[in-house]
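Here's the structure, in structure tokens; my notes come after.
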């Protein structure tokens with residue numbers, strides 16, 4: 001495909017125009033009085049959202065240079081979302097401010113490489129200042145405030161804080177699994193699952209012990225974990241006899257249980273001879289093996305697998321796991337109070353954390369995080385309902401963002417919200433870091449850009465941005481504008497805070513992309529095809545569908 005090339009100022013201005021188009025659509029959502037954006041979908045109802053990265057992903061521009069500029073800013077939003085789970089709009093606003101001021105100085109004759117170095121040094125200093133100013137999250141109220149701001153609903157923030165405590169063993173835990181599900185009921189309900197839950201239920205409905213609830217409840221069972229299929233009852237019989245003699249029920253988790261092995265278990269369950277439940281192992285392939293091993297560690301058992309030289313025929317009771325209780329429905333299995341040793345569980349948790357750090361795949365990281373949380377302390381489910389499908393999607397998305405926001409707060413602490421932490425951290429740049437020339441210009445660009453989130457929040461609230469920024473810059477540390485009321489207050493005391501991880505990630509990612517913009521000297525893009533060039537021959541004459 002033929003290419004078109006733009007150089008120098010033309011290249012940078014094309015990129016900037018794309019950035020501005022995207023940023024202008026995103027920044028109207030910032031702050032408590034920010035607006036929503038409606039996104040048309042190819043099918044189904046439109047989506048209404050105030051999430052920066054969701055809006056950014058939907059924007060596709062026609063001009064090739066503008067399209068590249070927009071794609072670069074999408075990367076800012078996406079990277080911030082990946083790292084911190086929120087702050088995508090703040091990152092976009094910062095990127096726009098840095099690029100605008102930077103390009104103005106480059107056009108006036110400044111050296112872009114010098115400006116880039118100045119920006120990088122300034123961002124490093126501001127990041128250090130933010131981390132110093134961060135306060136650890138110590139109470140449920142602080143988490144509720146942080147999550148409530150992100151979700152734009154204090155009641156939802158309180159539910160998220162309650163969920164984090166419930167699955168964190170009575171303390172805040174960033175590894176807690178909190179899932180958000182759509183519900184037919186109205187409002188938000190919290191359901192906490194103690195222990196480990198995975199999404200596989202009993203293989204046969206005959207295993208149910210409570211026909212009203214359609215669930216099988218096993219008290220103090222043995223747990224048999226098998227990596228392959230079980231079909232031959234002769235392989236299983238020696239172990240079954242030993243379990244029967246112990247008087248305990250048996251949970252079997254394997255790739256599958258079929259044929260005479262399944263029918264024998266069902267018949268004995270119906271007759272009341274022996275209580276057991278067979279469940280398919282969760283996941284597929286290598287992920288299934290890993291999850292089986294997780295369950296083995298949690299329950300104090302071993303996975304029966306030829307790979308480690310173990311077979312069903314020779315298996316004995318010490319190889320089986322145990323738990324205080326197991327509840328199996330048609331859809332999922334919950335293991336409560338596994339008998340695994342704390343040291344082994346902690347070792348497994350640390351191993352999964354290392355895998356998360358080394359993974360390049362978002363999907364793999366998500367699955368590893370799920371495994372981590374199941375081992376680290378249970379699962380909380382927030383069930384979300386709303387009057388319409390459009391409202392339900394918007395609400396669910398908002399709550400998912402708030403959950404990630406809360407976890408980020410636990411991880412690195414919180415700072416004053418409302419764009420105030422960035423503006424007040426800018427004081428470390430007052431002497432231009434004792435730099436000179438173009439590097440000092442880069443520092444001044446960052447100092448000016450740090451006021452942009454607060455100014456945008458003020459603008460969205462109908463206030464004069466410049467006046468608000470001047471007023472806040474003169475206030476004591478941590479005091480600033482409560483845009484919801486228009487008052488100037490101690491933000492931390494008022495529960496208006498942001499996770500420092502979100503704030504610093506937004507700044508670092510915005511600065512990274514801004515530096516690329518400023519140092520760009522040429523842009524190579526695909527040459528746009530003339531309208532209709534990609535269509536079928538004769539499409540114009542035949543209505544585009546061969547005359548049909």
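For all residues, glycine too, the Cβ spot is worked out from N, Cα and C.
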Additional site residue, 8, 438, 498 [criterion: listed by Swiss-Prot with 29, 30, 31, 32, 86, 87, 88, 89, 90, 418, 482, 483, 484 for ATP]: 498
Once near-sequence residues are set aside, which residues in the chain of residue 86 (ATP binding site), 6 or more away, have Cβ atoms under 8 Å from its Cβ? 80, 150, 401, 402, 404, 405, 408, 499, 502
Under DSSP, is residue 90 (ATP binding site) part of a helix or a strand, or is it coil? helix
State the count of C-beta atoms found within 10 angstroms of the C-beta of residue 88 (ATP binding site), not counting that atom itself. 30
Of the binding-site residues listed (29, 31, 484), the greatest number of other CB atoms within 10 A surrounds the CB of 31
